[in-house]
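Student: Have a look at this one.
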Amino acid sequence: MWRWIRQQLGFDPPHQSDTRTIYVANRFPQNGLYTPQKFIDNRIISSKYTVWNFVPKNLFEQFRRVANFYFLIIFLVQLMIDTPTSPVTSGLPLFFVITVTAIKQGYEDWLRHNSDNEVNGAPVYVVRSGGLVKTRSKNIRVGDIVRIAKDEIFPADLVLLSSDRLDGSCHVTTASLDGETNLKTHVAVPETALLQTVANLDTLVAVIECQQPEADLYRFMGRMIITQQMEEIVRPLGPESLLLRGARLKNTKEIFGVAVYTGMETKMALNYKSKSQKRSAVEKSMNTFLIIYLVILISEAVISTILKYTWQAEEKWDEPWYNQKTEHQRNSSKILRFISDFLAFLVLYNFIIPISLYVTVEMQKFLGSFFIGWDLDLYHEESDQKAQVNTSDLNEELGQVEYVFTDKTGTLTENEMQFRECSINGMKYQEINGRLVPEGPTPDSSEGNLSYLSSLSHLNNLSHLTTSSSFRTSPENETELIKEHDLFFKAVSLCHTVQISNVQTDCTGDGPWQSNLAPSQLEYYASSPDEKALVEAAARIGIVFIGNSEETMEVKTLGKLERYKLLHILEFDSDRRRMSVIVQAPSGEKLLFAKGAESSILPKCIGGEIEKTRIHVDEFALKGLRTLCIAYRKFTSKEYEEIDKRIFEARTALQQREEKLAAVFQFIEKDLILLGATAVEDRLQDKVRETIEALRMAGIKVWVLTGDKHETAVSVSLSCGHFHRTMNILELINQKSDSECAEQLRQLARRITEDHVIQHGLVVDGTSLSLALREHEKLFMEVCRNCSAVLCCRMAPLQKAKVIRLIKISPEKPITLAVGDGANDVSMIQEAHVGIGIMGKEGRQAARNSDYAIARFKFLSKLLFVHGHFYYIRIATLVQYFFYKNVCFITPQFLYQFYCLFSQQTLYDSVYLTLYNICFTSLPILIYSLLEQHVDPHVLQNKPTLYRDISKNRLLSIKTFLYWTILGFSHAFIFFFGSYLLIGKDTSLLGNGQMFGNWTFGTLVFTVMVITVTVKMALETHFWTWINHLVTWGSIIFYFVFSLFYGGILWPFLGSQNMYFVFIQLLSSGSAWFAIILMVVTCLFLDIIKKVFDRHLHPTSTEKAQLTETNAGIKCLDSMCCFPEGEAACASVGRMLERVIGRCSPTHISRSWSASDPFYTNDRSILTLSTMDSSTC
């Protein structure tokens, strides 16, 4: 009973079966024991809140943040005990932070609600009661038969029942799911394919058994049990039968499908990506600083409490007559009184912890992330793709990268394959001037091969090979070549998953056949660019793939139409690294054609020119070409019957289907006869070499992680500049055992130590890497850390992630960045501190799972060197400045207790306590953190060495933290004691002889403080816009206007009128004005002097770069500023500003960028500054 109650409440959900049973059209059995399964409805819910739970749920989430919870505790303490400040002083800022965050999150959730309502309310047609019924998407139930028309989006995950084609096929595009723009073909089972009308579907009696929902877009296992004439027919269902929600129907008039997954159980919904939980180095530093300041806060409270009781213990200090304690108070527990006073001091000093820091940082990250998407330099016009920010929490981490791990294919290369060469039966052919011609024989070629080559001199007349879709059939003199290598070309034309589309008219006939079309009217689509390149090459030679259906593939060989019955497709997977098809030739012969990596095909071969082909494959790889080996096998009728039976059993299995299929595939793909190999070229992307060189100059180590073979990977690394010709290349490949691997690693470590070479490169393959990581991680890491570039080839996806994790947890704890474009790169993208997805041709899995997405690898340089640099500088200054201004704020409060005998009297008015962080000092730092550009973006991008100035979290080091903290304490001492010396003892500064009181003294300290911290922000600003001027000087003006207004009126709703006429009285004193100016100048003068001497004696590369940007009349030749002859009086001021700020207002600045500029050179050591045009002051 108790378990049932817990299940009903949702605490103990009932055990869920591994499979679900779906009755098509919801025709449930009328007799027998049947328990219907419960399925969710088809509503999509991306929102987090409802009207009823928004307030409690949002408050709970916000108070899980330590800082918010801390200030809540402070507020409750103020309510419970007698504290020196009003609860409003803590409650109002906390309320402001909570409210701003709640409004932001509420607005975002409201947008999600609107989006959900639009999707859930979309009209759909469902087959019910023998007719089509129009309803809304949210009303679709599991088991409903849904009709979808051309160009409509599937509202749920549907199993295809039929289409307007006789073979039951349809074309869809999944661009919105995985970004693949090619058309994919889905097929219905033969028994339902003929049910093309509502009336026919009404007679269908079928049950679908399939797996429970999972997020993998490409995985689906099930079976359909169809009852016809009291006989049950079982058909397997796979990914080719499933139409995913979010995909769009193309080139097909209409289809019918049965809903198997609905609502939040669809694959699209299960792939909704939650916000990244990665934490940046800045956030970790900020939390460390918070802990340090919390220790300072507790220390100040403890010291004040102890000193208070020490003073009270002295007999000469009697209680004042106005503060006499009652008998009950005197007899109360000293421990309780100590705790009460400690809490009161804690409340008094609590503003040293900046409550508004978190909300400011959150706003800065959110608003700042838009600049990446708006950057036209990161926009790729050809593909119409702009940079995307999937998480704004890591903006500043882009400025701290020390290691870049990159995929090769589609990331460094274009992933646009061009057929270049091939090896057929031990003979090489290459494309020269667009024609396929034979190369010379291999050294061990037989005489027969030589004579054969001499007899093929007519090959110069082969049809022209182009990269367009215009294919020409071969002339008659090519017949001999094609007949001689018939099986090779047939394998290329049949062993693939390429789809075909008529580019002139939609394919909406009874089948897929395009045999009546000219080859120029055909357009191929493929998820693999390699397959498309090979099929196009075969078509240009004269064997044209025309189309396919579920059971047939059609090929034109020299104009003659041939139809092959497609028996089975053995799909590609990353473990086997190959794919195969089993076809029945027109002669009735049953053949298997296999295609895959040389390491997966050659070990399975027992015949053919294996050694010659292996040599050719290595030669292709040395040229940087991608290679595939092609083989075949013939089956006898008995062998095929056994294979067909095993495949059917594996495909219809609901449990462990993938493992069973893998075992069957291994059984089938053996005893192959090698036909040859192909080589296609994948061109490097634009400016890849320059980008890698820039990363190296910035002090970033680049690792290439690829699945390609060793020779191909090394060749591409050399061509893209990852390896230099002068670099000492070390190799850790083909290791067979742990001991052999360990010995090789020790030899490499000795070579690195002994070789007097500046740079080393390391090549390691996947097998050797597994051995190295198993027992010798430390030795392997020692070798890697001493190499400038590392290339890992033959890598599996999980190996890529493991390598990155190994670097992440190394003693140096470097910041890592992974960049890739394919689904096999997702694991390493998620493992790295920062994941970059390339929006390439292998889908959008990488882009969807990344933190940032860009269209080209070359954009990485600006993303890191400009945006990363700016974001880090901005947020590092923001964090330090917040702690600095709060130290300035609270330290006078602490010092004041020594003069009021620790009576917990507050120095500032409660309104000032409340508004200091919210209104008076918040906007200048926020605008700075959004707009600051301490160096021109062109300089940062073209001088990558400047990136080193901010590496290793340098601006948030303990040294820098202590500087800002000490600066805050020193300024606070000047505020307090400067004001104290001004007022003095029994000194009258007013014309009527009155003296300043407690509130006037506190207001004077507060006024100097507001002006000083605001001007300090102005000194840190290098890039001035009208917005900076508005918020900087406007904040000071607002403070004065507010204080005059607040102190000039008696406010009836205030309990006390402490500030009435105080500010006006303060400003009426000339001495006060003089003191304010003197203290502000004194505070900032020390800071200015330090900046001047630092820039003069120890200028950083960034500070030198700042001096290349000239103000009117200033010519910057080196780290010293020189002025033209006849300098005017403003020169000294200009010199000082140039020393302090480094850059001037953009309204006066004059930049001169040209190809001869030093920032366009590759100088790695020194910065040579060019002469720039100057004008008189």
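Along the chain as shown, residues are numbered 1 onward.
Heads up, the Cβ atoms here are built off N, Cα and C, so glycines get one too.
Straight from Swiss-Prot, here's the annotation block:
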TOPO_DOM  1-55  topological domain 'Cytoplasmic'
TRANSMEM  56-77  transmembrane segment
TRANSMEM  83-104  transmembrane segment
TOPO_DOM  105-289  topological domain 'Cytoplasmic'
TRANSMEM  290-311  transmembrane segment
TRANSMEM  342-359  transmembrane segment
TOPO_DOM  360-876  topological domain 'Cytoplasmic'
BINDING   Asp407, Thr409, Asp821, Asp825  Mg(2+) binding site
BINDING   Asp407, Lys408, Thr409, Glu531, Phe572, Lys595, Arg626, Thr706, Gly707, Asp708, Arg794, Lys800, Asn824, Asp825  ATP binding site
TRANSMEM  877-898  transmembrane segment
TRANSMEM  911-930  transmembrane segment
TOPO_DOM  931-960  topological domain 'Cytoplasmic'
TRANSMEM  961-982  transmembrane segment
TRANSMEM  998-1020  transmembrane segment
TOPO_DOM  1021-1025  topological domain 'Cytoplasmic'
TRANSMEM  1026-1047  transmembrane segment
TRANSMEM  1066-1090  transmembrane segment
TOPO_DOM  1091-1177  topological domain 'Cytoplasmic'
Student: Before we move on, state whether the transmembrane segment (1066-1090) and the transmembrane segment (877-898) share at least 3 Cβ pairs under 8 Å, counting only pairs 6 or more apart in sequence.
Tutor: no
Student: DSSP helix, strand and coil counts for the topological domain 'Cytoplasmic' (931-960)?
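Tutor: Once the DSSP states are binned, the topological domain 'Cytoplasmic' (931-960) shows 23 helix, 0 strand, 7 coil.
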Student: If one measures from the C-alpha of Gly707 (ATP binding site) to the C-alpha of Asp821 (Mg(2+) binding site), what distance in angstrom results, rounded to a whole number?
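Tutor: Given the Cα positions, Gly707 (ATP binding site) is 13 Å from Asp821 (Mg(2+) binding site).
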Student: Please tell me whether the transmembrane segment (290-311) and the transmembrane segment (342-359) touch - that is, whether there are at least 3 C-beta pairs under 8 Å between them, with each pair 6 or more apart in sequence.
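Tutor: The transmembrane segment (342-359) and the transmembrane segment (290-311): touching, yes.
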Student: Need a quick answer: max count of Cβ pairs under 8 Å to the transmembrane segment (342-359), which of 56-77, 877-898, 911-930, 961-982, 998-1020 is it?
Tutor: 877-898
Student: List, by number or range, the same-chain residues at least 6 past the transmembrane segment (1026-1047) whose CB is under 8 A from its CB atoms?
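Tutor: That would be 911, 915, 919-921, 923-924, 926-928, 931, 1003, 1007, 1010-1011, 1014, 1017-1018, 1059-1064, 1067.
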Student: Could you check which of the binding-site residues (Phe572, Arg626, Arg794) sits closest to Asp825 (Mg(2+) binding site), going Cα to Cα?
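Tutor: Going through Phe572, Arg626, Arg794 one by one, the Cα closest to that of Asp825 (Mg(2+) binding site) is Arg794.
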Student: Cβ pairs under 8 Å only, please: of the recorded stretches 83-104, 877-898, 961-982, 998-1020, which one is richest in them relative to the transmembrane segment (911-930)?
Tutor: 998-1020
Student: When the topological domain 'Cytoplasmic' (1021-1025) is classified with DSSP, how many of its residues are helical, how many are strand and how many are coil?
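Tutor: The composition, in the requested order, is 0 helix, 0 strand, 5 coil.
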Student: Does Thr409 (Mg(2+) binding site) have same-chain partners at least 6 apart in sequence with Cβ under 8 Å from its own Cβ, and which are they?
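Tutor: Listed in sequence order, they are Asn415, Arg626, Asp682, Thr706, Gly707, Asp708, Asp821, Gly822.
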Student: In the same chain, who gets a Cβ under 8 Å from the transmembrane segment (56-77) while lying at least 6 residues past its ends?
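Tutor: Residues 48-49, 83, 87, 90-91, 93-94, 97-98, 101-102, 105-106, 290, 343, 346-347, 350, 353, 355, 357-358 contact the transmembrane segment (56-77) from elsewhere in the chain.
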Student: Just give me the nearest neighbour of Asp407 (Mg(2+) binding site) among the binding-site residues Phe572, Arg794, Asn824, Cα to Cα.
Tutor: Asn824
Student: Please list residues from the chain of Arg794 (ATP binding site) whose Cβ is under 8 angstroms from its Cβ, counting only those at least six apart in sequence.
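Tutor: Looking at Cβ-Cβ distances below 8 Å from Arg794 (ATP binding site), excluding near sequence neighbours, one finds Ser599, Gly707, Asp708, Lys709, His710, Asp765, Gly766, Thr767.
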Student: Return one of helix, strand or coil for Arg626 (ATP binding site), based on DSSP.
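Tutor: Arg626 (ATP binding site) sits in a strand per DSSP.
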